[in-house]
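**Student:** Input: one structure, supplied below.
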Amino acid sequence: MNNILVINGPNLNLLGKREPDIYGNITLENINQKIKLHFKNEDLKIDFFQSNEEGKIIDKIIESEKKYNAIVINPAAYSHYSIAILDAMRSINIPVVEVHLSNIYKREEYRKKSVTAEASLGVISGFGYYGYIMAIEFILNNLVRER
């Protein structure tokens, strides 16, 4: 069985309430349910982790290598400046795909740069919750099933 960890960063626990014109009305719990439902017929276990604390995200990334085949991460605001999360992502030997619900390139200037993208295989941005599904599909079709 393949194991994938989905990590969500700060304020994503506020989805459904926070800036619905940008992020929509869907909650993080609804997103997690949609992901699980989409992959219900796969030989796949998906775990979800959300934290507003940088250190907890770093710890989760570092310990993930022991248990997971890959990570899908939405670092949220940390993507724009967290060298510590970037370094944690670089320190592990499993693939990481970065996801953003909104199109960061259509947002404020300071949101258009993702430092964490440097340690990601790729970045999926602007497709809402479906970006997570796209990331997991990529992982399954191009990385995990090839082994």
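Cβ coordinates come from backbone N, Cα and C, glycine included.
The shown structure was predicted, so the numbers you read here are calculated from the model rather than taken from an experiment.
Straight out of Swiss-Prot:
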| type | residues | note |
| --- | --- | --- |
| ACT_SITE | TYR23 | active site, proton acceptor |
| ACT_SITE | HIS100 | active site, proton donor |
| BINDING | ASN74, HIS80, ASP87, LEU101, SER102, ARG111 | substrate binding site |
| SITE | ARG18 | site 'Transition state stabilizer' |
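If you look at the structure here, what lies around each of the features I listed?
**Tutor:** The Cβ of TYR23 (active site, proton acceptor) lies under 8 Å from the Cβ of LEU15, LEU101, SER102, GLY128, each of these being in the same chain and 6 or more residues away along the sequence.
According to DSSP, HIS100 (active site, proton donor) sits within a strand segment.
DSSP classifies ASN74 (substrate binding site) as strand under the three-state reduction.
Long-range Cβ contacts of ARG18 (site 'Transition state stabilizer') within its own chain (separation 6+, distance under 8 Å): ASN11.
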**Student:** Tell me the Cβ contacts of ASN74 (substrate binding site) under 8 Å, same chain only and six or more apart in sequence, or just say none.
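**Tutor:** Listed in sequence order, they are ILE7, ASN8, GLY9, LEU12, GLU98, VAL99, HIS100, LEU101, TYR132.
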**Student:** For the substrate binding residues given in the record (ASN74, HIS80, ASP87, LEU101, SER102, ARG111), what is the largest pairwise C-alpha separation in angstrom?
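**Tutor:** Taking every pair among ASN74, HIS80, ASP87, LEU101, SER102, ARG111, the longest Cα gap is 24 Å.
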**Student:** 10 Å Cβ neighbour count around LEU101 (substrate binding site)?
**Tutor:** 24
